[in-house]
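Annotation source TrEMBL lists phosphate binding site at Ser27, His58, Arg78, Phe79, His80, Ala110, Ser209. According to TrEMBL, the feature purine D-ribonucleoside binding site maps to Glu190, Asn232. Taken from TrEMBL, the feature domain 'Nucleoside phosphorylase' applies to 20-266.
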Amino acid sequence: MLNYFQIASSMIRDIGMKPKIALILGSGLGYLTCEFQNSTAVYYSQIPGFPASTVQGHSGRFIFGNFHGIPSVAMEGRFHFYEGHEIRDVVSPIYLFKEMGIERLLITNASGGINKTYSPGEIVAIRDIINLGFRNPLRGPNEEKFGVRFPDMSSVVDLEWLARLRERLCRDGHELKEGTYIWTLGPSYESPSEIKSFEFLGADMVGMSTVPELIAANHCRMKTLALSCVTNMASGILKEKLSHDDVVRTANRIRHRFSDIVGKALEVLKEIDDE
Ligand SMILES: O=P(O)(O)O[C@@H]1C[C@H](O)[C@@H](CO)O1
């Protein structure tokens, strides 16, 4: 296992800043780091033993900088199980962030909409998850320094942060929908019959990431918000075939709205932390 403490300490020392929040940027959503001020990049390949990112729309680097006045670090490129990584490696950034002293995490992703009230380009907050990947990143010996053997999963996101963001957006005349995200292994998209069965299970969105990250973040008690960009309706709902190029294109198309919501999520966080 990587020595997260050693890596985190040397990164913080070399960069000369201690981030307060970490962001994981999903497919096509890496553009948020353009808004970082005084930024420094650290490529995953510069970190000995760290996994490499292989997916189009995921650059494979950390960006450190000031984001909406908060010292932040963002992952441009996450690790997916389907890339061939071990499940523990998929969540290695979460424990690295924890060792940097970070208590807040904002996860983003691209997903397929199962709930027919959603439409492509809509941003939905994840309220709950279904682990259909049947992989758990906590399998194996428990690292007691991070968390307990059997973590409670009754709320995988920080409900106060979510409620405050919802209120804030409502004041501006926008509704923030909340839904359940189901994780499949990928990399093939789902079949129409799979989507019908996921709907029956209670899922609103489907994707190939995020669930392992939420389990690990919950394990080490990081307060997390998760925003999903519904880039397409899930398989079989509309006539169109699914393609990753379209996923990335839609994520890019809604960049202003996405960046506005993320900005407000950080603003409400400052209010919460100041209280
Ligand atoms: O990293 P995310 O979950 O945003 O990426 C989604 C899931 C697959 O990696 C890819 C499929 O288009 O986009």
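Keep in mind that glycine also has a Cβ here, set from the backbone N, Cα and C atoms.
Keep in mind that TrEMBL annotations are predicted by a computer and have not been checked by a curator.
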Cβ under 6 Å from ligand 1: qualifying binding-site residues of Phe79, Glu190, Ser209, Asn232: Ser209
Where Ala110 (phosphate binding site) sits in the secondary structure, as DSSP reduces it to three classes: strand
Least buried by Cβ count (within 10 Å) of the binding-site residues Ser27, Ser209, Asn232: Asn232
10 Å Cα neighbourhood of Asn232 (purine D-ribonucleoside binding site): matching binding-site residues from Phe79, Ala110, Ser209: Ala110
Those residues of the chain, 6+ apart, with a Cβ under 8 Å from that of Phe79 (phosphate binding site): Pro51, Ser53, His85, Asp89, Val90, Ser92, Pro93
Residue pair His80 (phosphate binding site), Glu190 (purine D-ribonucleoside binding site) - Cα distance, angstrom, rounded: 16
Protein Cβ atoms within 10 Å of Ala110 (phosphate binding site), excluding its own: 23
Sparsest-packed among the binding-site residues, when each Cβ's other Cβ atoms within 10 Å are tallied, from Arg78, His80: His80
